[in-house]
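Database features (TrEMBL):
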type	residues	note
DOMAIN	42-75	domain 'Connexin N-terminal'
DOMAIN	134-201	domain 'Connexin cysteine-rich'
TRANSMEM	21-39	transmembrane segment
TRANSMEM	77-97	transmembrane segment
TRANSMEM	118-143	transmembrane segment
TRANSMEM	178-203	transmembrane segment
Amino acid sequence: MSWGFLRDLLSGVNKYSTGIGRIWVAVVFIFRLLVYIVAAENIWKHEHDEFECNIKQPGCENVCFDHFFPVSHIRLWAFQLIMVSTPSLLVVFHVAYRENREKRHNQKLYKSAAERDGGLLFTYLVSLVLKTGFEIVFLVLFYKLYNGFEVPRLVKCDIRPCPNTVDCYISKPTEKMIFLYFLVATSCVCIVLNLSELSYLIFKYSLKCYLKRYVKKHQ
């Protein structure tokens, strides 16, 4: 598939983000999307063909592969990238709504259509919560599906139609495990960045409200 739409989305939302948000965009684009396209996709490209069992019983190899890899690592990673990036569309849509509203009324309704205040701030906070939630859900999903963040060299399978317990070998396990650790590390970094930006915006908004009340009270 073409990843151009995701690149354009991340580039488009970048101008509405805080400094922390721009770091998040850089991490997703450079350390996740580019690594996925350039390296990771090729490593898992022939994972089913390179999965070998020490028996030629028809169907045995397929059911063993399906048991240990119910969802391909690389497809799940791609789905994760899409899901953690799409909440940013909420911000883009909200800014577009503001701009369209100003055109419809033919007057300036906001200081800046992209300024994070009121409804747009709420939308931005919701997008951060959703991104953080998706990251956590996918980390838990990876852990549950593959019994931890490891790629074993050898797995033992006794599922029918295998006549007995057979040994199955996974190709390039060390290389796959390195990229899996990289995936987990970058996901954790993104979670920290999202929570930091969320805390920063809430603190900034709370301080702004407090100062307004303080000035109003003393006036």
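Just so it is clear, glycine is given a Cβ too, placed from its N, Cα and C backbone atoms.
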*Where DSSP helix means H, G or I and strand means E or B, what are the helix, strand and coil counts for the domain 'Connexin cysteine-rich' (134-201)?*
41 helix, 8 strand, 19 coil
*Same chain, outside the transmembrane segment (178-203) by at least 6, Cβ under 8 Å from its Cβ: which residues?*
18, 20-21, 23-24, 27-28, 31-32, 35, 39-40, 43, 73, 77, 80, 84, 116, 121, 124-125, 128-129, 131-132, 135-136, 138-139, 142, 149-151
*In the domain 'Connexin N-terminal' (42-75), how many residues does DSSP assign to helix, to strand and to coil?*
14 helix, 2 strand, 18 coil
